[in-house]
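**Q** My questions all concern the structure below.
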Amino acid sequence: MNRLLVSLLAAVDALVTVAVGVGVVLAPVTLVWVFGIGGDADWAALWPAAATIWQLGHFAPVAVALPAELVALAGLPAKGADFTVSLAPTALAVITAFSAWRSGARAARAGAWLTGVLAGTVAVAVLSTIIALTGRADVAAVDLLAAVAGPALVFAVPAVLGAIVRAWSDGDDGIVDALSERLPDDVQNAVDAGVRGVAIAVAVIVGLGAVILAVLFFIRGGEVIALTQAAQTDLVGVVVLALGSIHYLPTLVLWFAGFAVGPGFAIGTGTAVSPAGTSLGVVPGIPVLGVLPDSTSPWLLLLALVVVGAGALAGAVARGSLLVGSPTDAEPLRPRLVALTVLVLGAGLVVAVLSWAAQGAIGPGRLAQVGPEPWSIALLAAVEIGVGAAVVLFFPRGEDSLDREGRHADADEADADREPAAPAAAASRREPAGQASPDEFPTAPLD
């Protein structure tokens, strides 16, 4: 496909992505302005509010500076008037990342993935610059560089990954093909198997976090309702709180994914929520935080075995992929080592990035540290996944499998032994043994 056309299509993808993300924020904010604030609404502040939330959703920290009169009215200490909010509503980043992955894959399928990724990233950067320049607010300020770089990176990284995955499987007659051709066939198969294992292991961990969160919502739903009622909001306020909770839902899922791995997460400096124990101070009265458990049982440490099981499942899939990609039933050591290395390092890196995306600050003082600690969770997840995967990848194959292989080998040898004798057998069938020629019988003249 023409590179100019690929660039235009990628730019359109970027435009639609940004428009959808901004629209998801702007619609509920507009409802608040219309039904919540009413005639006293400052319509000039509508767009800056929506723009700031969208930027926060793409990991751009927001510097909040409360007016002095508001600080005095709320009875806040003077040092609490200025603080940073950096905990992102990651649902907005998920929208951008998903669209970027698809855009990169389409560009790779068209044969010009590098052009498409660059065009889409530049388009997002330009649109982010426009949003940042037109949506500046005094109370909640976002640095221009962060406001542009955050959305651009959230688009660029998944777009590159989606393009490389597609190009690796389909070929691109370019950088990816040049790299893959330098690798032996068994190493290529091992990389494929390891990447599949990474996807499965991470999916299981994130899914486990979602299950834990769902169970807590079921158990502690009354606390969430009580905190919502304590806020004394009208219907519009309840809707806004619900939408805000939905925007932060992926963040909460990642918190409890870290909980399942072991280290857990924090709700402020010096606090911890983990299977080993829960230590909470004063928790902000945000309704969705009502799901946080007051205490935990040491039995929950067994959740780490599920993560080990995720590694075992990933290892089984990787080993199966190696067997499918192998011309024989042999299992050399090198491909399994490569697959295990890719699986462990890849899973650890992905878990680290996801944990980083789910941490930040939500207020002054002790609330400047909220969420999981990325590197501790990534290291422990890599170890747990690696143990499960290594056991499956290097465990000797069963005796039944070896017996079947032996029987197949014996059958092949028997067939090979019979093949040279086939022409002789055919000849003997054409001239049956024991049938004499007419010349062998004595003859006498007839009178």
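Using N, Cα and C of the backbone, Cβ positions are placed for all residues, glycine too.
Where the annotation comes from TrEMBL, it is an automatic prediction and has not been curated.
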**Q** Looking at 235-257, 258-280, which one does TrEMBL call transmembrane segment?
**A** 235-257
**Q** Go through the chain and flag residues at least 6 beyond the ends of the transmembrane segment (337-357) whose CB is under 8 A from any CB in it; none is fine as an answer.
**A** 59, 88, 90, 93, 187, 190-191, 193-195, 197-198, 201-202, 205-206, 251, 254, 257-258, 261, 311, 314-315, 318-319, 321-322, 371-375, 377-379, 381-382, 385-386, 389-390, 393
**Q** What else in the chain is close to the transmembrane segment (113-133), if you only count residues 6 or more beyond its ends and a Cβ gap under 8 Å?
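**A** Long-range Cβ neighbours of the transmembrane segment (113-133): 3, 6-11, 13-15, 17-18, 22, 51, 54-55, 58, 96, 100, 103-104, 106-107, 142, 144, 147-152, 155-156, 159-160, 163-164, 166-167, 172, 174-175.
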**Q** Counting only residues 6 or more past its boundaries, what in the same chain has a CB within less than 8 Å of a CB in the transmembrane segment (80-101)?
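**A** Residues 13, 16-18, 20-21, 24-25, 53-54, 56-59, 61-66, 68, 71, 120, 124, 140, 151, 154-159, 161-162, 244, 246-251, 254, 357-365, 367-368, 370-371 contact the transmembrane segment (80-101) from elsewhere in the chain.
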**Q** Go through 45-68, 145-168, 235-257, 299-325, 377-395 and flag the stretch with the largest number of C-beta pairs under 8 Å relative to the transmembrane segment (198-219).
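**A** The listed stretch sharing the most Cβ pairs with the transmembrane segment (198-219) is 299-325.
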**Q** Which residues of the same chain, at least 6 past either end of the transmembrane segment (299-325), have a Cβ under 8 Å from a Cβ in it?
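**A** That would be 185-186, 189-190, 192-194, 196-198, 200-201, 204-205, 208, 212, 259-262, 275-276, 331, 335-336, 339-340, 343, 347, 381, 384-393.
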